[in-house]
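The following features are taken from Swiss-Prot:
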ACT_SITE  Lys194  active site, proton acceptor
BINDING   Ser13, Trp14, Lys108, Ala143, Arg258, Val282, Glu284  NADPH binding site
BINDING   Lys108, Gly139, Ser141, Lys194, Asp247, Ser257, Arg258, Asn259  sn-glycerol 3-phosphate binding site
Amino acid sequence: MTQKKVAILGAGSWGTGLALVLADNNHKPVIWGNLDKIVNEINESHTNSHYLPDIILPTEVKATLSLDEAIDGAEIVVIAIPTNAMRIVCKQLNEALKEPTILVHVSKGIEPETNLRMSEVIEEEIDAAKRKALVVLSGPSHAEEVALRHPTTLCASCKDLSAAEIVQDRFINNNLRIYTNDDVIGAEIGGALKNIIALGAGISDGLGYGDNAKAALMTRGMAEITRLGVAVGSNPQTFYGLTGIGDLIVTCTSVHSRNWRAGNMLGKGENLDEVLEKMGMVVEGVRTAKAVHGWAKKLDIDMPITESIYAILFENKDAREAVDLLMGREKKIEKESF
């Protein structure tokens, strides 16, 4: 395979893990970061100890503080940053891009102020003439396991399947299997909203409830995700795949999950500010819960689990009381019409 340069915007765990994959595939990954300490550590020690402890990076993984240097000559630009920085980084990227480029984003969230998905934010901020294609790379994955080269599957979603196949070809190897799909909306809705349900799973575990409770929460949570997704144009079948139920399972059941860990602390009685300070990293589900709270009301979508998690996060609702209210809701038939 011909070596290709790929720029990765974001020196966190996911950006660094994807850079490792590209280096394993004999490509040339360049990470753009904004902290001297991390950029220097990647270049000099071939580690990123804050985000991926104990992982030794291939020497081919390089990092830079210069956005221009990172994207110069890159076939693909991967945007691997927290959702709250997406708009400002895309403004910078729009200024820096000199020619049409395949853009890939791996950020899972909804912009609270606008209810926009991340691809919509990117489309607003980056000129169409500079976007050869926009691909969502998502699925059941923890960066820690990708960096350890454990078997993982993802889905590259794009309206232009030929662009999705280019991304598939650059990242696929014996450890990372990539599928393609054309349902961008479904991939983004599944990836963003599962973080809310993962907070709920963590809360349930923190309260000491068992597997029955978590299984119910995940299953009915998936129904809520699908309801909203279909209402905004997703294919319901997408939620049965990697970017739907697959991503939900891994995020609700693993100690690697920031959202599960944050929820677990909340369930044990800590308040949100304490939890976020202890985490020291972005917990996307908190921001997404705020966005979806208003969005669901606007669309008149029934999302009782999501609403309960919002109330725990932002209205000081007691977690046990929230569970009692969910369990005491009016009886219903388990049937969805899509």
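Using the three backbone atoms N, Cα and C, a Cβ is placed for every residue, glycine included.
Same-chain residues that are not part of Ser13, Trp14, Lys108, Ala143, Arg258, Val282, Glu284 yet have a Cβ within 8 Å of the Cβ center of the NADPH site turn out to be Gly12, Pro82, Met281. In this structure, the CA atom of Val282 (NADPH binding site) is 9 Å away from the CA atom of Asn259 (sn-glycerol 3-phosphate binding site). Of the recorded residues, Gly139 (sn-glycerol 3-phosphate binding site) and Lys194 (active site, proton acceptor) place their C-alpha atoms 11 Å from one another. Of all the recorded positions given, namely Ser141, Lys194, Ser257, Asn259, those whose Cα is no farther than the 10 Å limit from the Cα of Lys108 (NADPH binding site) are Lys194.
Every protein chain shown contributes to the tally, and the Cβ of Asn259 (sn-glycerol 3-phosphate binding site) ends up with 27 other Cβ atoms within 10 Å. Rounded to a whole number, the C-alpha distance linking Ser141 (sn-glycerol 3-phosphate binding site) with Lys194 (active site, proton acceptor) is 13 angstrom.
Following the DSSP three-state reduction, the secondary structure of Ser257 (sn-glycerol 3-phosphate binding site) is coil. The record assigns Lys108, Gly139, Ser141, Lys194, Asp247, Ser257, Arg258, Asn259 to the sn-glycerol 3-phosphate binding site, and the maximum Cα to Cα distance across that set is 16 Å. Geometry remark: Ser257 (sn-glycerol 3-phosphate binding site) versus Ala143 (NADPH binding site), CA distance 10 Å. Annotation note: Ser13 (NADPH binding site) sits in a helical segment as assigned by DSSP. Note: the Cα of Glu284 (NADPH binding site) and the Cα of Asn259 (sn-glycerol 3-phosphate binding site) are spaced 7 Å from each other. Here Ala143 (NADPH binding site) comes close to Gly12, Ser13, Trp14, Thr16, Gly17, Tyr51, Leu52: these same-chain residues lie at least six apart in sequence, with C-beta atoms under 8 angstroms from its C-beta.
Rounded to the nearest whole angstrom, the C-alpha distance between Asn259 (sn-glycerol 3-phosphate binding site) and the residue listed as 'active site, proton acceptor' is 9. Every protein chain considered, the tally of other Cβ atoms within 10 Å of the Cβ of Ser141 (sn-glycerol 3-phosphate binding site) stands at 24.
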